Amino acid sequence: MLNKPVLLESLIVFVIVLFVHAVVWDRYSWCAVALAVQAFYVQFKWDRLLQLGGAVFQFRTAANSGLLPASMVIPLLGVVMKERCKSAGIVYFERFGIVVASTGMLVALFLSVIAVGITKPVPTNTCILTGVAGSIIIYTMKHSLTVSEVIEVLEVLLIFVYLSMILLYLLPRCFTPGEALLVLGGISFVLNQLIKRSLNVTEGRGDPIDFFLLVAVVGVVLLGLFFTVLFIFMDSGTWISSMFFHMMTAVLGLGVIMPWLYRLIQRNPLFWLLQFLFQTQTRVYLLLYWTFLAASACGVVFYQNAKRSSESKKHKASTITRKYFHFIVVATYVPGLIYDRQLLYIAAVLCLAVFIFLEYIRYFRIKPLGHTLRNLLSLFLDERDSGPLILTHIYLLLGMSLPVWLFPRSCAPKGTFSGAGALVPYAGVLAVGVGDTIASVFGSTMGEIKWPGTKKTVEGTMTAVFAQIIAVALILIFDSTVNLNSSYAWILASVSLVSLLEAYTTQIDNLLLPLYLQIMFMA
């Protein structure tokens, strides 16, 4: 049996799916409902496999499988993107939204089939339900997608299968099945898009910032896979291995990634980046301000480690201390969203690449910083960092950045939507930076009434909703491009549902919550 928190988490996800279905009401939203029903039942099987140790790979043990909430993210994003671009009359991105939704459904179905296939004895009723849902989705895809789009969906599925086998084997206990679906599904889609655009590149076509994220994500993933294989045969902690690491990073960066980016944007990437970063005085001021905030974050890390050294080696950072970084990230993103979203887009991509590269240095113990990073970051570990990688800070960055990266600019007249859609780029700030932070701080200090079956408190959730409403009011005051058009009831419902999801989910909330809030705002 699923426990009560999982049932309530599933209920909240079902409500979000039905909200989107009520707004869109087409065959794709019906497919999303069918997918949600079968994912709910298959979630039983995944949770049982995790409890009995019967899963093929080692998953994170301190959480449930998270299959239902993760399965619905990519399909719902595709559905709402399709609807927004259809309203704007942008046919290319309307079709792209359909491909995204179809890909998300097929990848989620694949993960469900895996769970059903390795469950003993074979769950007959769940098999029938999965078969019915799969038939509905495949029938819809057959009558909706062109041949080239079907091939694209199957390419992503193939990449996902191979990437899952490699990364889940190399990185045990880093993900739940749901988190693996989100992270690896996203990487698979990005890799396929990069290959597709590289083969069909046209000179002078496309904005360079559209290619920057694709190349950066694929580049750091390939870099990690290369060194993982290499250090199977070498001791990564020696000076010789460390020098080889830095040398090969430079070779791969300058010899593969830079030429790849040059082919896509048809200009020197380094010169373009420098020109872009210092193009206006506003950008220079923002960069100086962000540099100060980055130095402040490093100061917090050093201060907390000095405090640990003076008190106890077993000292761990408190919840409130870890939320300092949430406040710093909010202070980083809000000015960028108001004054220069393109600069924020590129800066977030660069920051992601740096974070992942530093994690490689820590994980492989690369000299001279590997051991130091291990000592510094061990203070901020929590139960979600049970695998060999420390991912919570990367998830925080992703949660704040994904609404900015996934915002369909081409489908937004004058660069923004009207109504609740105008808040889409702020979804990360509201869900993680404000809501999750306030819920943790107030819940841990003043909360007394706990939600059934969880450690989260009613007071924390209520203050999170209230704080996000205040944040929306402040955004209206300071960002003149935001026009809500009396969609206040929808915003309140969206914020409340996502705050309830934060109270009950055991998945990485920094990653899940912004995506669901973005879905609700775009719907």
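For all residues, glycine too, the Cβ spot is worked out from N, Cα and C.
Keep in mind that TrEMBL annotations are predicted by a computer and have not been checked by a curator.
These figures come from a predicted structure and were not determined experimentally.
As recorded in TrEMBL:
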type: TRANSMEM; residues: 12-41; note: transmembrane segment
type: TRANSMEM; residues: 61-80; note: transmembrane segment
type: TRANSMEM; residues: 92-116; note: transmembrane segment
type: TRANSMEM; residues: 122-141; note: transmembrane segment
type: TRANSMEM; residues: 153-171; note: transmembrane segment
type: TRANSMEM; residues: 211-232; note: transmembrane segment
type: TRANSMEM; residues: 324-339; note: transmembrane segment
type: TRANSMEM; residues: 345-365; note: transmembrane segment
type: TRANSMEM; residues: 386-406; note: transmembrane segment
type: TRANSMEM; residues: 426-446; note: transmembrane segment
type: TRANSMEM; residues: 458-478; note: transmembrane segment
type: TRANSMEM; residues: 490-517; note: transmembrane segment
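If you look at the transmembrane segment (324-339) against the transmembrane segment (426-446), you find at least three C-beta pairs under 8 angstroms, all six or more positions apart, and that counts as contact. Within the chain carrying the transmembrane segment (426-446), a Cβ under 8 angstroms from the stretch's Cβ atoms is held by residues 319-320, 323, 326-327, 329-330, 333-334, 337, 396, 399-404, 456-457, 459-461, 463-465, 467-468, 471-472, 475, 495, 498-499, 502-503, 509-510, 513-518, 521, all 6 or more beyond its ends. The transmembrane segment (61-80) and the transmembrane segment (490-517) are in contact, since at least 3 Cβ pairs between them lie under 8 Å (pairs 6 or more apart in sequence).
Remote same-chain partners of the transmembrane segment (122-141), defined as residues 6 or more beyond its termini with a Cβ less than 8 Å from a stretch Cβ, comprise 27-28, 30-31, 34-35, 37-38, 41-42, 44-45, 102, 105-106, 109, 112-113, 116, 150, 153. Sequence-distant residue pairs (6 or more apart) of the transmembrane segment (490-517) and the transmembrane segment (12-41) include at least 3 whose Cβ atoms are under 8 Å, placing the two stretches in contact.
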